Amino acid sequence: MLMEKWEWDNGTSPMEFLLLGMGNIPALQRPLFLLSLMIYLMCVVGNILIVVLVVADRHLHTPMYFFLGNLSSLEICYSSTILPRLLASLLTENKTISVHGCIAQFYFFGGFAAAECYLLAMMSYDRYLAICQPLLYASLMTWKVCFQMAAGSWLMGFLIPTAVTPFLAQLKFCRPEAIDRFFCDLTPLLELACSDTRKVRLVAFIFGFLDVVLPFLFTLASYMCIIAAILRIPSSVGRQKAFSTCSSHLTVVTVFYGTLIIVYMLPRTPPLRQLNKVFSFFYTVLTPLVNPLIYSLRNREVREALRKALRKALAFTQSS
């Protein structure tokens, strides 16, 4: 049955892949489509709202919220590389994707995911300076430095896909298995390759260390210093106030890296494939939705900015 869904180039390399997605049960396709559509719309609207609040409210014109606006912009791009294609496949029940389309999806997905790793590291450095070096914070975290750090995060994030994609495009794919994911990732693509993948794996390992492991270690070191500094604060009120300034970011980091580690560290054995798929759905689809909720629910400044924006919108509606 799978062979009928493949177009072959000279009998060796498929022109299309088959993304199995979340399963092949017809009765679940419509509910999954509606659920995914609702999640995507909430993700886009929530993150756009964060960006608008950061730009419009002058009380949020600080380095921390500047990075938050960048994170929300990144989440919109991140989810938009996966969910529209997933929605189309659920609606039309056409699960095929071209080889070039699959590689392009991996390029943008990998780039945005790695950029988020760098951006989370920059945000942890911002919190480190605010808590551990408060007297130097204003002089060190200038707007020029903020712009450079944000731009560097976006650019450095594309190290992995830019380095790996040329090697990936040269591979021959000749196995008639489908990709047991709802998006194109590096590991499933390498499993389908019948040519030598050692170069791709070596390049992916090197740049994966630079784009994922190093930012994670930097973030971990920053929070170790932050926690140590908070514990040295004599009063419980002071400790609580200091921790509240980084609790939202720490929650986002824990959710993002926790699911990322589970997805890529779980053994790829048949019994664990479905669990792997569930966590893949969580960190690629639900995490961009959870982030604006975390910041809006746990952050007093964002809640206040949202209330003011709603009051202005209500007043404008009543006056017109």
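Quick reminder: no glycine exception, Cβ is built from N, Cα and C everywhere.
No curator has checked TrEMBL annotations; they are predicted automatically.
As given in TrEMBL:
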type	residues	note
TRANSMEM	32-56	transmembrane segment
DOMAIN	46-295	domain 'G-protein coupled receptors family 1 profile'
TRANSMEM	63-83	transmembrane segment
TRANSMEM	103-123	transmembrane segment
TRANSMEM	135-160	transmembrane segment
TRANSMEM	202-231	transmembrane segment
TRANSMEM	243-266	transmembrane segment
TRANSMEM	278-297	transmembrane segment
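Touching of the transmembrane segment (103-123) and the transmembrane segment (243-266) is concluded from the presence of at least three CB pairs under 8 A, sequence neighbours closer than 6 excluded. Listed as Cβ neighbours of the transmembrane segment (278-297) (distance under 8 Å, sequence separation of 6 or more from its ends, same chain) are residues 22, 36, 39-40, 42-43, 46-47, 49-50, 68, 71-72, 75-76, 78-79, 82-83, 109, 181-183, 185, 248, 251-252, 255-256, 259-260, 262-263, 266, 303, 306. Listed by sequence, the residues of this chain that lie at least six past the ends of the transmembrane segment (32-56) yet keep a Cβ under 8 A from its Cβ atoms are 22, 65-66, 68-69, 72-73, 75-76, 79-80, 83-84, 86-87, 90-91, 285-286, 288-289, 291-293, 295-296, 302, 305-306, 309. Here the transmembrane segment (243-266) has long-range neighbours at 64, 71, 113, 116, 120, 123-124, 127, 130-131, 187, 212, 216, 219, 223, 226, 230, 272, 275-276, 279-280, 282-283, 287, 290-291, 294-295, 298-299, meaning same-chain residues at least 6 beyond its ends whose C-beta is under 8 angstroms from one of its own.
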